[in-house]
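Colleague: Feature list, courtesy of TrEMBL:
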ACT_SITE  B:TYR553  active site, proton donor/acceptor
BINDING   B:211-217, B:293-296, B:345-351  FAD binding site
BINDING   B:ARG491  substrate binding site
DOMAIN    B:179-361  domain 'FAD-binding PCMH-type'
SITE      B:ARG396  site 'Important for enzyme activity'
Amino acid sequence: MSSNGSPSQIAEGTEQAEDRQKAANAAPQLQDVLRHTCPSPAGPRVLSTFRNILDRDSCDLVWVTKEWRPQQVTLHARTRTTAKIRQDVISSPKMQHTIEQQLSSQNEVPKEALWRELNDILIEMGHTQTMPVVRWFGYVLSKIMRKIYSGVFVNEESIARLRASIGNNPVIFMPSHRSYADFLLMSYVCFHYNIMLPVIAAGMDFVSMWGVGRLLRDSGAFFIRRSFGNDKLYWAAFSEYVQTLITAGENPIEFFVEGTRSRTAKSLCPKLGLLSVALEPYLTGQVSDIVVVPINISYDRTLEETLYSYELLGVPKPKESTSGLFKALNVLDEQYGRIHIDFTEPISVNKFFGDLRSPKLMRPLHLPHQITPDESTRIIWLANYVVRQQQKNAVISLFSLAAVVITHHVLTKPRNQLLNMHQLTRQVASLKSAAESFGALIDCRDNLEVSLQNALHIHKSLIVTSKDGQVQVKNVAAAQAPIDPAKMKGHSLQDKTLQVGVPMVMLQHYVNQTLHLFICPAIVSLSVQQSINQGSGMKDDVFARYLFLRTLLSHEFILHKAWETMDFEQSIQQLQKLGVLDESLHDSMKLSLGSNSHLHQILCQLLLPFLAGYSSACSTMLEVPAGKTVSLNEALKSTQARLEKLLLSAQLNHHYSLSLDLLTAAVNSLSSMGAVIKNKENGKVLYSPNSNRLRQVTQIVGDFLQLVAPICRKSQDEQARLFITQAKARL
Amino acid sequence: MATDRSSFLVKQDVRLSHCSMSAESKEAPTNGDSNSFVEVYSAENNGQQFRKAVKVNLTPSAIPKRRQELLKWNGWGYEDSKFAVRKGVIWFTGNRYPIGELELPYFTQWTKDVFNVDLSKPITPQPPISKFPDPIINTDFMAEIRKCNLVISDDGMDRLFRAHGHTLHDIYILRVGMFARIPDLVIWPDSHDEVVKIVELATKYNVVIMPYGGGTSVTCANSCPEEEKRMIVSLDMSQMNRILWLDRDNLVACIEAGIIGQDLEKELKINGFTTGHEPDSHEFSSLGGWVATRASGMKKNVYGNIEDLLVHVRMVTPTGVLEKHTQGPRVSIGPDFNHVVLGSEGTLGVITEVVLKIRPLPACKKYGSIIFPDFESGVNCMREIAKKRCQPASIRLVDNEQFKFGQALKAEPSFFGHITDGFKRFYVTKMKGYNVHKMVVATLLFEGEQSTVENQEKMVYEIAHQFGGMPAGEVNGQRGYTLTFVIAYIRDLGFDFNIVAESFETSVPWDRTLSLCRNVKGRVAAECKARGILHYLMTCRVTQTYDAGSVVYFYFAFNYGDMPDPCHVYEEIEEAARNEILASGGSLSHHHGIGKVRKKWYRQQVSSQGVHLFRAIKHKLDPTNIFASGNLDSGELKAKL
Ligand SMILES: Cc1cc2nc3c(=O)[nH]c(=O)nc-3n(C[C@H](O)[C@H](O)[C@H](O)COP(=O)(O)OP(=O)(O)OC[C@H]3O[C@@H](n4cnc5c(N)ncnc54)[C@H](O)[C@@H]3O)c2cc1C
């Protein structure tokens, strides 16, 4: 460890430190609020409360044509037609003000043109939920789902809880977002349980797909442009549209707080824009409360798994098109296992916020609400809390645990030492109990061996077990049609890199499904080890290191600042229970490693791809000459190139470090730590190193990386031999 | 001024020694003609001549000194008037009110439907109290007071009667327990000068004074601060009930502050006038109370609120009398100190005399009603009417719950009474598309010249039509208003059957009126749910319209089952509702005032500078906190000063 000050000091610029202080100050108070509002469910979650909704008494036809008498969201709700909603938006004081007072005078555009434009925007945006389409669509979906899924399991206890908490206030559903299927599933489940169907905020990408846009609209989606920067008219129209949906309270509204599908299967850091807009009617006293329902949707196997793998490595993604969709229909030949859906404890925003609306001067409703610093702190908190709730209520498949074990094996064992089914089962079993002690609900219905075999079977395109019980990874990326280098988003990776990279990234997709459980314990474990190596082991020294890593990875995982102490203490306790840390301590201020070195190793190893990627990003940025800047894309490209070299020379063996998502997070993280400086020049974002600080950070990251660096080095070629090649690549 | 006038006044009180009063001892007119006015010229205000009509006599107050002889000691209104249960059916006793002596079968059913009450199992309140807290007596003060030939009493019941108003908490305590602190002595001053004298002595001997008007406060304004160790004197203003003079040219009258609404209107009516100030409590509340609480009358659209009616006021404070030495109809002489008196809630001094505007009695008075398909269209219609400024004297919109409740209060089925069956139901609900469980009604009262009323009616009904409203007749309108006075009696019936009830109000900008109603109802529903309250009524009405907003009045009542402290539960829920009101853009109060129940929000409403200003005023006018009722902000005052 270098002597450049404490890692935690280096982790944060002063600004961040202040923020953290603020968050910490707010923490006890909010914690208090949370305890009152969100009592944890009575007992531990169990699989037995999940019911397969595809497994129902009535046949699909009877089911989709059932009488539609949904539970109302609010008593005062009136059903409005699409035209009426549009009319309400147009005649709202806010739109009137925006167009009549603001835009027309500022831009000297004739009002009529603006009104026409508004109308067009609203037509482009508007949903047109119609029951016949929903029913018909529901029918088709039933058929498809029966074919590819072995069950859609919904936590019925959570449905009962949801039912009990709706009726008075507007409701927002916030599901996790891993797949396009999320859109359809939510409405499908609501239809099944006679809950008013959600109106769903969707990205514009769908609209261009012939037929699909219409279909989604009719099922209740409304469309928002991906970026509309300074378009005031669009912004006003969009926020008024969302807010009229909230205040009218006819349907739950649904959006993905992560902003987009997570390609990595890890939760994305929450986006605040739509959430803030949706909360405005509450903040301005137009509604007395809003009920936010975080929802977890867990897939055994993600439909888009291969696609995501390529995408993360920078291989271009085909544009959403209907023919692409039909091509994707060959997914129908595959099995995708189970889906688990859990509606988590509904959150009363009013209680969560501790009613900070309390009397302030009310501005007229046509003026945009300016979010106060206090409000903004809570919104960030809420957003993070929602994502954490989604994570906590995941159902983890055994395959994810297997993926952890297999990856660990591939990275650490010599090539002649193959993993056999017996070892895998044993290691999954011990990882399972570790995961359970971190609060996970694992999908294991039969005895472990059978369940594991079933789980592996679902993923037989990625993992195969030979007759003699050897477990191997398939090379799914073989025979890739040559990729036009110009179309690569990142560095033009060599074919041989992709050969190993694609399956490894795919495997990591499933490892990632478990990381929310392991991330804090992993960071703590690594910090303890480093601290001990440096001759300390004192709790506060460990905490300082932990803080550094946590800050470093805060764009990668949901590690909200306000929870850092809580997470730390909890992890220590859990690790002690598991024997990763020594429990029989005499000095409560000193930590030491326990007997469970295997789990310790697995945990630390989980951080490898991240530390390696971040470390390379640091090096790349360090090479930018003083006074020069690079774009994000340039930074990503050269980091990938650097990483590929390391992989080829066997200095690194985890291909997930190549992930563009990971490297983007690295750059963002360096920027918020003040190690690189973000500049905006004519609308372009450019980065330059902040040399001193960057050097310090690079050093510390490097020190951590040393600790988890390959225990057994293998070249990429060697690694490739661990794979069985497969003829057909799927994309 | 006072001496000027008092020379024309004949005081005819039979002076009572303390504790010896009876109903018969009410002052009776001594000079035969109770309504004679003497034309006088008095030299006032730098010798300017004013022609005055000075009243030399007055009919006795409807309220005796020993109030408990006419009024309930532990409930609302006249002893002989109440809701009672006879053979399982609710009826109203006495014949003071239009529904007197009538059986109310629909209402009986309604109480079962809404509150799940079992009318066969009433709870009996404690019997009249005989043991009272020992009075704290300041002997020096007492010695001086006795010399002054004042009407005083230290009778326990007299003291208890003035220890409260009509807040839920007050009445609940009277039924089940005892206040920790009640006044130690009651004094009935007879004139401004007597008040000056009493305040002087109280200041000299450090005795607390709490002015008491009609005792209808709903903010715990009359409660004695428990921690007060000094002697507390309740100043019962009821004997200062004369109209001192009446000026027909300028249409003003100078009136003593103790007069209660019904007496004031009776007197003025004899002379062909009215103030037009008609709060729902006007049978019992007093002029001084109105000024002290910034009261608002139902007919403010035509006549104005108390602050519009008030031309001049005198307030006796420990450091002197605060008044303006001018009677200009409007003046520009710095901040208007009338507004320091208005809303002072007994914390700064005693209001003794008020010059009020009066109006000739209206030539035409007409009721009306309009039904709307739902609350929203009703509110939108009221907004439009306010925009056009064609509001009649009163316009009130009740929500569906209150609409149904109003129907239930009928003795006989009538227009709406038949609503559950028959032709009219068909007409209103089917043909016009009204849903009995959504529709609402607005009641109207027009007052003014015949032609004005006709014009107004036409405009109002036209606007109503645009909002889906349909005229529903005069009778229904009139019923709405006459029932007003009866409604206050219902709470006592509720008490007998496990139900606590209270009302609260707010004023709110127009664009937030609907969302406020919705939010507050939603919040109360949530609070009830959280407490397992299953049977409750939460209803609202829009009772006033202004250019910039409306007034919303909520009733909340619930069956508390076997909760040990229902009153506290109520207070918690009202607090949540008030927070919701404030967060929804409503004010802390439109007319009830702050008292003690809303103190915690005072600073938020008026800013810290506002509180400083109030404290500075308090400190100058009442440096030793003689007026220690603790209303508004004064609780913190002592500590801070
Ligand atoms: C059924 C019912 C209906 C009501 N309807 C209305 C309504 O329509 N509009 C409305 O505005 N209010 C209404 N109120 C509230 C109440 O009637 C008013 O606040 C009224 O103004 C109080 O007058 P009071 O004479 O009864 O005052 P009290 O209750 O005796 O006293 C109230 C406060 O004023 C002070 N005070 C009284 N007299 C004087 C004085 N001479 N000098 C200095 N301070 C004094 C007291 O010290 C106390 O702090 C209603 C109350 C009830 C119970």
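Yeah, the Cβs are placed from backbone N, Cα and C, and that goes for glycine too.
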Colleague: Would you mind reading off the Cα separation of B:SER217 (FAD binding site) from B:ARG396 (site 'Important for enzyme activity'), to the nearest angstrom?
Modeller: 22
Colleague: Taking only the recorded positions B:ARG396, B:ARG491, B:TYR553, which one has a CA atom nearest to the CA atom of B:GLY349 (FAD binding site)?
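Modeller: Considering only the listed recorded positions, the nearest one is B:TYR553.
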Colleague: Indicate whether B:PRO211 (FAD binding site) is helix, strand or coil by DSSP.
Modeller: strand
Colleague: Indicate whether B:TYR553 (active site, proton donor/acceptor) is helix, strand or coil by DSSP.
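Modeller: SS state of B:TYR553 (active site, proton donor/acceptor) = strand.
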Colleague: Mind giving me a neighbour count for the residue listed as 'active site, proton donor/acceptor'? Other Cβ atoms within 10 Å of its Cβ, every protein chain shown.
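Modeller: A count of 21.
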Colleague: Using a Cβ cut-off of under 6 Å to any atom of ligand 1, determine which of the recorded positions B:SER217, B:ARG396, B:ARG491 qualify.
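Modeller: Within range of ligand 1: B:SER217.
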Colleague: Hey, how far is B:GLY214 (FAD binding site) from B:ARG396 (site 'Important for enzyme activity'), Cα to Cα, in Å?
Modeller: 25
Colleague: Using a Cβ-Cβ cut-off under 8 angstroms and a sequence gap of six or more, which residues of the chain neighbour B:ARG491 (substrate binding site)?
Modeller: B:GLY75, B:TRP76, B:LEU168, B:ILE171, B:ALA501, B:GLU502, B:ALA557
Colleague: Using DSSP reduced to three states, classify B:SER217 (FAD binding site) as helix, strand or coil.
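Modeller: SS state of B:SER217 (FAD binding site) = coil.
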Colleague: Secondary structure at B:ARG491 (substrate binding site) (DSSP, helix/strand/coil)?
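Modeller: Going by the DSSP assignment, B:ARG491 (substrate binding site) falls within a helical segment, counted as helix.
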Colleague: Just how many other Cβ atoms lie inside 10 Å of the Cβ on B:SER217 (FAD binding site)?
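Modeller: Result for B:SER217 (FAD binding site): 29 neighbouring Cβ atoms inside 10 Å.
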Colleague: In whole Å, how far is the residue listed as 'active site, proton donor/acceptor' from B:ALA295 (FAD binding site) when you measure between their Cα atoms?
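Modeller: Cα-Cα, rounded: 14 Å.
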Colleague: List the same-chain residues at least 6 positions away in sequence whose Cβ sits under 8 Å from the Cβ of B:ARG396 (site 'Important for enzyme activity'), in sequence order, or say none.
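Modeller: Long-range Cβ contacts: B:MET298, B:ALA442, B:THR443, B:GLY480, B:ARG541, B:VAL542, B:THR543.
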Colleague: Far apart in sequence but close in space: which same-chain residues, 6 or more away, have a Cβ under 8 Å from B:GLY346 (FAD binding site)?
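Modeller: Set apart from B:GLY346 (FAD binding site) by at least 6 residues yet with Cβ under 8 Å, we have B:MET210, B:PRO211, B:ALA221, B:ALA292, B:PHE627, B:SER629, B:ASN631.
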Colleague: So how many other Cβ atoms are close to B:ALA295 (FAD binding site), meaning within 10 Å of its Cβ?
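Modeller: Excluding its own Cβ, B:ALA295 (FAD binding site) sees 28 Cβ atoms within 10 Å.
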